[in-house]
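**Q** Quick one: structure below, then a few questions.
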Amino acid sequence: MTNIRKSHPLAKIINESFIDLPAPSNISAWWNFGSLLGVCLILQILTGLFLAMHYTADTMTAFSSVTHICRDVNYGWIIRYMHANGASMFFICLFMHVGRGMYYGSYTFSETWNIGILLLFTVMATAFMGYVLPWGQMSFWGATVITNLLSAIPYIGTNLVEWIWGGFSVDKATLTRFFAFHFILPFIISALAAVHLLFLHETGSNNPSGVMSDSDKIPFHPYYTIKDILGLLFLILALMLLVLFSPDLLGDPDNYTPANPLNTPPHIKPEWYFLFAYAILRSIPNKLGGVLALILSILILAIIPLLHTSKQRSMMFRPLSQCLFWFLVADLLILTWIGGQPVEHPFITIGQLASIFYFSILLVLMPIFGTIENRLLKW
């Protein structure tokens with residue numbers, strides 16, 4: 001008699017995705033982040049659902065409803081801080097996941113990679129709209145500044161911004177629609193994640209060496225389920241340390257002041273996970289140019305497969321490309337730091353240099369180093 005997990009239509013899908021899935025025998029801890037992202041998504045949906053039960057999407061009551069959640073709702077404070085800091089953990093895992101894909105050449109699975117880029121954009125949009133909901137000073141001014149960037153689009157820009165706002169400024173209509181989108185987008189993300197997995201399981205996972213591993217596969221369960229649970233324990237430990245000891249570490253103090261359209265904060269900045277893109281935006285004096293650079297800073301990931309010149313897929317045995325990759329990581333950290341600094345000398349110059357370096361590494365130096373390494377192989 002066939003095992004029910006192999007014969008039942010629904011159980012069969014789960015079995016082929018998480019139990020009997022053939023996985024390379026040598027994948028490292030860098031392959032944990034996919035499952036951690038799934039856990040983060042479930043955590044965000046659950047905590048978000050409980051927050052939505054008590055939150056009111058109205059400019060008059062939004063700020064006080066968040067205060068009410070923290071003060072009066074049973075364990076409301078922990079739900080709120082798990083949701084806010086869960087977003088930070090989500091982005092840490094996302095950046096690690098994308099970085100691993102770049103380092104080990106996983107972008108050669110073009111369908112999986114492109115769905116991943118779409119997922120990244122969707123998660124960023126969701127996080128941005130979520131940041132607006134508490135209706136603090138930084139929420140309001142962040143929403144005003146970022147949505148106003150669309151006015152740089154020729155001809156339709158101003159109309160588009162007013163259409164998104166639902167009026168002539170960020171107001172009740174904006175908050176209501178942002179809440180609606182913030183609620184629905186995680187479910188769209190879940191569907192996209194399922195498609196992401198579907199495409200991945202068509203090709204099978206990549207591995208650190210970058211070579212075909214069909215001759216050396218092991219079942220996903222118990223080997224990688226145990227490995228993923230270890231990663232999950234580390235994630236929960238980090239999240240709970242953040243939530244229970246310093247829940248406001250990654251937030252902005254300005255967001256504890258209710259939104260006031262008549263008083264602009266001295267320095268408007270988004271959450272830390274957008275600072276690298278914000279620094280690139282600010283490094284270009286022209287508004288439209290800045291917006292294009294902002295979009296391209298993420299969209300550039302889509303052309304990485306086209307710029308792969310090396311004969312080897314992974315960077316595991318390519319020391320020059322490895323150096324360049326870690327330069328890129330350092331550059332992104334510098335951009336993140338600059339994004340949180342005021343617009344003054346020397347931060348402007350550092351931001352411009354770091355932005356030029358970012359695009360140069362990805363568009364020019366990576367392909368050149370790949371070609372050089374091909375030549376070195378012939379020596």
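Using N, Cα and C of the backbone, Cβ positions are placed for all residues, glycine too.
Take a look at what Swiss-Prot says about it:
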- 33-53: transmembrane segment (TRANSMEM)
- 77-98: transmembrane segment (TRANSMEM)
- His83, His182: heme b b562 binding site (BINDING)
- His97, His196: heme b b566 binding site (BINDING)
- 113-133: transmembrane segment (TRANSMEM)
- 178-198: transmembrane segment (TRANSMEM)
- His201: ubiquinone binding site (BINDING)
- 226-246: transmembrane segment (TRANSMEM)
- 288-308: transmembrane segment (TRANSMEM)
- 320-340: transmembrane segment (TRANSMEM)
- 347-367: transmembrane segment (TRANSMEM)
**Q** Is the count of Cβ pairs under 8 Å between the transmembrane segment (33-53) and the transmembrane segment (320-340), pairs 6 or more apart in sequence, 3 or more?
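**A** Touching, no - the transmembrane segment (33-53) and the transmembrane segment (320-340) miss the threshold of 3 or more Cβ pairs under 8 Å.
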**Q** Roughly how many angstrom lie between the C-alpha atoms of His97 (heme b b566 binding site) and His182 (heme b b562 binding site)?
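**A** With the alpha carbons as reference points, the distance is 23 Å.
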**Q** Is the transmembrane segment (226-246) in contact with the transmembrane segment (178-198), using at least 3 Cβ pairs under 8 Å (sequence separation of 6 or more) as the test?
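**A** Counting Cβ pairs under 8 Å (6 or more apart in sequence), the transmembrane segment (178-198) does not reach the transmembrane segment (226-246), since there are fewer than 3.
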**Q** Residue list, the transmembrane segment (113-133) vs rest of chain: Cβ under 8 Å, 6 or more residues beyond ends.
**A** 55, 57, 62, 66, 87, 90-91, 94, 97-98, 101, 106-107, 139-140, 142-143, 146, 174-175, 178-179, 181-182, 185-186, 188-189, 192-193, 195-196, 199, 270-271, 273-274, 298-299, 301-302, 304-305
**Q** Same-chain residues six or more away whose CB lies under 8 A from the CB of His83 (heme b b562 binding site)?
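**A** Spatial neighbours, sequence-distant, of His83 (heme b b562 binding site): Gln44, Thr47, Gly48, Leu51.
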**Q** Measuring Cα to Cα, how far is His182 (heme b b562 binding site) from His196 (heme b b566 binding site) in Å?
**A** 21
**Q** Across all chains shown, how many C-beta atoms besides its own are within 10 angstroms of the C-beta of His196 (heme b b566 binding site)?
**A** 21
**Q** Out of His97, His182, His201, which of the binding-site residues is least crowded by other Cβ atoms within 10 Å?
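**A** Lowest Cβ count within 10 Å among the binding-site residues (His97, His182, His201) is His201.
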